[in-house]
Each structure stands twice: as structure tokens, then as C-alpha cells.
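Peer 1: Sharing the feature lines straight out of Swiss-Prot:
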{"type": "BINDING", "residues": "GLY169, ASP170, ARG171, GLN172, THR173, GLY174, LYS175, THR176", "note": "ATP binding site"}
{"type": "SITE", "residues": "SER362", "note": "site 'Required for activity'"}
Amino acid sequence: MAINAQEISALIKKQIENFQPNFDVTETGVVTYIGDGIARARGLDNAMSGELLEFSNGVFGMAQNLESNDVGIIILGDFYTIREGDEVKRTGKIMEVPVGEALIGRVVNPLGQPIDGLGDIKTTATRPVEAPAPGVMQRKSVSEPLQTGLKAVDALVPIGRGQRELIIGDRQTGKTSVAIDAILNQKGQDVICIYVAIGQKESTVRTQVESLRKHGALDYTIVVTASASQPSPLLYIAPYAGVAMAEEFMYNGKHVLIVYDDLSKQAVAYRELSLLLRRPPGREAYPGDVFYLHSRLLERSAKLSDDLGGGSITALPIIQTQAGDISAYIATNVISITDGQIFLQENLFNSGIRPAIDAGSSVSRVGGSAQIKAMKKVAGTLRLDLASYRELEAFTQFGSDLDAATQAKLNRGRRTVEVLKQPLHKPLPVEKQVLILYALTHGFLDSVPVDQILDFEEALYDYFDSHHEDIFETIRSTKDLPEEAVLNEAIQAFKDQSEYK
């Protein structure tokens, strides 16, 4: 058999031309230490800060400390199956979470994976967990109210869309209840809500989710949870994952309300990670950048300019204090970043004043400009009246004789405190809040016994619902009060036909 050299040569040339090198270049390193949610790896010389790294068991980590001889990694998942000597490789990506409408109504972990047993989340859109906050020219001043449905908040410390309002207080003072009520009140307001539970007991989160479901609020709410049993890296990352989901809606011109419950636990988780990564401790053993931890998170809440669609993220961060000390390190940090705070006091809570808002220490730095005209008119002097009542109340404990004017102030003050009380999970529409506050400030409640104020309030709403729905409609549509004579006549007519004469 004759061998044709030219044919063989042509065949070899063809094979060389068609040769496809089938190999993948990845930079890999070796795990040198593993434990407590962090790892150290050698050999990842070109890793970037915040880059996602993949371990041989499929779990991801995030590069945090870039040192001369190794890389400190926080592990975003189960670290129990990782061993010293395992391979870890660079991905060239930063951490992203799934975002979009498909997440609404779901309970997810900080990685965006569903944990509610309702199947996969069908979305292809993702956003980076760490993103720059909108710049000065991309923002617009807060001008629209975000009604919480709580009389004490909407009248005394109003919140506007795009504001950051801190809820601060000791444990068991109703901080979460204020935030959940604010979420419940967004029903039908075209606001998407995100509740981020950080370091909570799983039973507590379950209770909150059931409460949201029962009131129909899950239809517009996403729950992101990193429970107390999860590793610190997930607690640290949870708020950033929540705000990344919120940004998707904000940049599409929608309004979002996000609750961080609570940032004290996130700071503790970050302290734990930093100490394990051998970063130098500062005050109370927190790392030096603990202020930046919260400032870069809360600065991502904004009211966008009209050019960018006018969307907004309103943030309600929660901080837990000890023995009412609002001058603690993390508390003062977050107070200085936010646009005001709602301070809840244990002694008010225990004496039955709920929500237990301390009007003297609570403030809203920007929300006043977002209040509707009607609320501004009826709540204008409320804060001062309440403050002078507290002062007089302390003074009267000495038992001195009081003149008629002082007695009248005390009587009005007691009724004000009573009117600002509200049952749990029963937010009020703004027109009803305006009505009862108008009745209070114009003396219609002065003759009603203090212990009957709440009954009077319910009866007044029922009467106006059936006889004067037009007045409610006027407040809703014009955002202003109807003529005083009309309102006075309607309230007086109710009093005349009721037992509260």
C-alpha cells in the first residue's frame, strides 16, 4: 500500500488549523485556616477587595482582608465542610443578589435564596450588594409624606419619602411594632416594603411574617432574614442585600419603604468578623470603620430627582439601647447619619402609653416639609403642648394649688396623651387622624372623661363614615381641612346625639 506523503501532510495541517485549545485559566489558592465563618487562603495574589471566591464544595466567600501573604475571606454559607488544604478560586465577580417583582411576597435569605418553601424565584435581574449611593445632583429634597398610620408619628415626627428615620429604644418597647404598622399602612399606597430581620429569633421572624400575611401586607412586601443561628457574614451582608433589592424599584421610579431590624445586631456581627480577621479594635472593640458600615448603607436611601424617575427609598433603621442610653457608640453614630429619630421609652410603655414615643427626645429633621396642609394645621402646636404638659405634670406632684389656666392645660395634656395611644396593627388613614386631632385641639374632647376618650374616638369615626364621608373625601383629595364651620358643626352634631355631651 503506497503512502502519499502530501496527503498525510495536508491532513496534519488541517488538524492543526482546526485545533481548539480546551483549557480554562483560573487563579486558585489553598485554604490555610477555617473557622467561625471566616477562612484564610494563600496563593490568591490578584484577588480584589469584595470579590466573590468559590470553594471546592461550591460555597462562596467574599475577599475582605488583602494581606501580603494571604487573603482573609468571609464565608457566605456552610463552612463546616471546608477543610484546610482545600482549593479556593477567584470568580472575577462581585456579590450580587436577585432583584425584581418576582421577590415580592417571598421570604429570602441574604443571598436572595427562598426559604419559605414556595419554590424557586423566577428572575434573571441581579444587582450588586455594594453600590455607590446617589450623588448630590441625583437627589431631590423630601417633599411627599410617607404616612405610617400612627397618630404619634404622623403628627409629631412626620416621615417623608426618601427620609431615614431611626427607631431607637430599649428591648421590649415596641420598636418592631412601629415599623410593622408603618408597613401595614402602605396597603394601596403603591409603596413596596422590604423588612430585613437581622439576628432575630426564627420564631419571631415567623410571627412577623404571619402578621404581614394576615393583614394582606405580603402582597407588596419582601422579607429578608438572617436569623440568630446563622453565621456572622450573613448577618453583616443582610441589610446591603435588602437595599440592593430596594434600589431596583427606586431606579424604576417606584417608592420603597425598608426596615432594618436591627442594626445593633449587624454592628455586633461585623465586630465579630473584624476581630476574627485580626483587624485592630477601637472603642468598645468595634473596628475603626463601624461608622462607614452604617453610613454607606443609609446613604443609599434617597428621593431621586425627576430626571431619574423620582423614585425613593425611605429607611427605618432600628437600634436597641441599654437602659435608655441614647449616647452609646452605635446609637450616636446612627443618630448622626439619619434625618431624625423616634425614641421609645420603657417607662411610657409600661404605663400603658403605646406607641411609647417620647415626644421630647424624638425629632424629624425633614419630614415636616412633607406633611399635608391639614395635618400641619392641627398638629402645629401639639409638640409644644405635650412638652409643657410633661413639665406641669412634674411640677404638680409637689401638690401646690393650681389656677384655672394651669388646670385646663393639664386636662388638655391628659387627653392629648390618651388620643395619641393606638392599638397594635391598627394604623389609621390620615383623614381620621386629622379629624381626631382637630377635635382635640379645638376643645371638643375637654368635656369627655379621660377613660372614655378611645371609645369617643371610635364612635366619632363611625359617625363620620356613615354621615360625613364627604368631609373625609375633602381631606383626602385637597390635603387640606374643609371650612372650620362645617367641621365644627359636624363634630358638635355627633356630640349632641351621643352620650359624650
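Every residue number used here counts from 1 along the chain in the order it is shown.
Every residue gets a Cβ built from N, Cα and C, even glycine.
Keep in mind it's a predicted model, so treat the numbers as computed, not measured.
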Peer 1: Quick one: Cα separation, ARG171 (ATP binding site) versus SER362 (site 'Required for activity'), in Å?
Peer 2: 17
Peer 1: Fill in the CA-CA distance, THR176 (ATP binding site) to SER362 (site 'Required for activity'), as an integer in Å.
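Peer 2: So the Cα of SER362 (site 'Required for activity') lies 16 Å away from that of THR176 (ATP binding site).
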Peer 1: Other than GLY169, ASP170, ARG171, GLN172, THR173, GLY174, LYS175, THR176, which residues of the chain come within 8 Å of the ATP site, judged by Cβ distance to the Cβ centroid of those residues?
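Peer 2: Near the ATP site, the remaining chain residues are GLN320, LEU344, GLU346, PHE349, ALA356.
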Peer 1: List the same-chain residues at least 6 positions away in sequence whose Cβ sits under 8 Å from the Cβ of ASP170 (ATP binding site), in sequence order, or say none.
Peer 2: GLN320, THR321, GLN322, ALA323, GLY324, LEU344, GLN345, GLU346
Peer 1: Based on Cβ atoms within 10 Å, give me the single least packed residue among the recorded positions GLN172, THR173, THR176, SER362.
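Peer 2: Output over recorded positions GLN172, THR173, THR176, SER362: least Cβ neighbours within 10 Å is GLN172.
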Peer 1: When the number of other CB atoms within 10 A of each residue's CB is tallied over all shown chains, which of the binding-site residues GLY169, GLY174 has the maximum?
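Peer 2: Selected residue: GLY169.
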Peer 1: Using C-alpha atoms only, work out the spacing between SER362 (site 'Required for activity') and GLY174 (ATP binding site) and round it to an integer in Å.
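Peer 2: Here the two Cα atoms are 15 Å apart.
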Peer 1: Cβ-Cβ under 8 Å from LYS175 (ATP binding site), same chain, 6 or more residues apart: which ones?
Peer 2: ILE167, ILE168, GLY169, ASP261, ASP262, ILE318, GLN320, LEU344
